[in-house]
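Below you'll find the structure, written out as structure tokens, and then a few comments.
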Amino acid sequence: MDTATLDKILARLAEEIPNYRVPVVDLIAVQTRDPYKVLVATILSARTRDETTAVAAARLFAKAPDLDALSRLTEGELARLIHPVGFFRNKAVYLTQLPEAVNKLFGGRIPDTVEELVKLPGVGRKTANLVVAVAFGKPAICVDTHVHRIMNIWGYVQTATPLATEMALRAKLPDRYWLTINSMLVAFGQAVCKPLYPHCDRCPVVRWCPRIGVTPRRVPAGSTAVGARPELRLISWNVNGLRAIAGKGFTGIVRQLAPDILALQEIKAHPEQLPKEVRELPGYHAYWLPAQRKGYSGVATFSRREPLAVRYGMEVEEFEGEGRVLTLEFADFFLINAYLPNAQPELARLDYKLAFCRRFTEFAAGLARQKTVVVCGDFNVAHREIDLARPEENRQSPGFSREERAWMDLFLAAGFVDTFRLFHAEGGHYSWWSYRGGARQRNVGWRIDYFCVDVASRPRVKAAAILPEIMGSDHCPVELLLVAPLPS
Ligand code: SF4
């Protein structure tokens, strides 16, 4: 994950966190900026639930509001006061030693640097960083189990230990997050991204999270919690050659996008020609429909969920062999991954394309009589003038001919919705750019990649987007967020 994506996640979490419980050490810091209390509460909080820490800290501070008072308590008294925090006996020993150590090493002042704080009994780097950040408001990155775990789930770091995470974050994390990252991720880790079975089904940042190494919880049946209607992230992408894009960070991009279903077009390869890490994307079931002709056309669909059935082609012989239509059937919808033919220069293949598209309409409309149909892929048609940058120059170009646009009208009239236009009425959004003349930099493009759904299923569409920042092909991915149907 890059820092731009992290920015989006942390901005979203900043809106969300006020709804979560605040970690106890931050609560204590809000009540008092007293470094002594923040230090002691932080020592108590290690391996202890927040509720337990809060009660124990209140009991202790009532008897020992400062270092002097602490020094007058015996180890036994301290153990009784802080019981049942985790390792309370060890912590009682540290607390007995603390006043003398602070007096001797720092003249009675709680130090404000990590290097000094770790010299005190019972204070490790995590505690020291937290005290520096929370009590003194100084730049420090406190890496506890939540920060370490979540930063690795997001792929922002790839580290084995919290110390390695701290070092990696010091080198990479923008300063503006140093003070707040711990409290944000502790609150988020306790409420949503839990250590065991994170609640991905109600996670506000799920669209950016690659969920590395995660097993999400099962959504409780009949749950009515916010977000309990499970949401699927579908991505469609004409990759213009899987072998080519494999060498351009394809697997990393997929991890970053974290789709539930990934539909690829123009793969131009048979699975056995691909590197294993592409052929067997971890966490996905893969279905292939390559063209008979090697290095040409072809589609593939990867799905986290195993489908009930898979259909290869459209059951009409004259349209088979070019690897263009692959359908996965799930309990509540069909996903049709399509790579519609190109009409070719001089519209040499227009008749074939139109015949293919007519059959495609019948095929999709037939499935829509059974349940939700999601159609995605490269249609090789820009529907309206706002769907390409230079309509005037392309009146009879393949992909914008009157006949192809008329077919698209008929397809929509047959009961389908262009989901992108549900959310974006304006022009300037494209999914394909010629490699020539810096077209992508100048955004001289065409919108020819679509997600469509049958009209009746429109309420299931939560969002639709184009992802022009994703490079690697002359097309960019397009995205659909589909929610589960409402119970009937
Ligand atoms: S999507 Fe799941 S794994 Fe990712 S941050 Fe959210 S809860 Fe954690």
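One is the number of the first residue shown, and numbering goes on along the chain from there.
Using N, Cα and C of the backbone, Cβ positions are placed for all residues, glycine too.
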Residue from GLU266, GLU272, GLU346 that TrEMBL also lists as binding Mg(2+) with ASN238, ASP378, ASN380, ASP474, HIS475: GLU266
Sequence-ordered recorded positions from CYS193, CYS209, ASN380, ASP449, HIS475 with Cβ under 6 Å of an atom of ligand 1: CYS193, CYS209
Three-class DSSP secondary structure - CYS203 ([4Fe-4S] cluster binding site): coil
Pairwise Cα distance for ASN380 (site 'Transition state stabilizer')/TYR339 (active site) [Å, integer]: 8
For the [4Fe-4S] cluster site built from CYS193, CYS200, CYS203, CYS209, further residues of that chain with CB within 8 A of the site's CB center: ILE153, VAL192, PRO198, HIS199, VAL205, VAL206, ARG211, VAL214, PRO216
Cα distance (Å, whole number) from ASP378 (active site, proton donor/acceptor) to CYS209 ([4Fe-4S] cluster binding site): 26
Recorded positions clustered about TYR339 (active site) [Cα within 10 Å; pool: CYS193, CYS200, CYS203, ASP378, ASP449, HIS475]: ASP378, ASP449
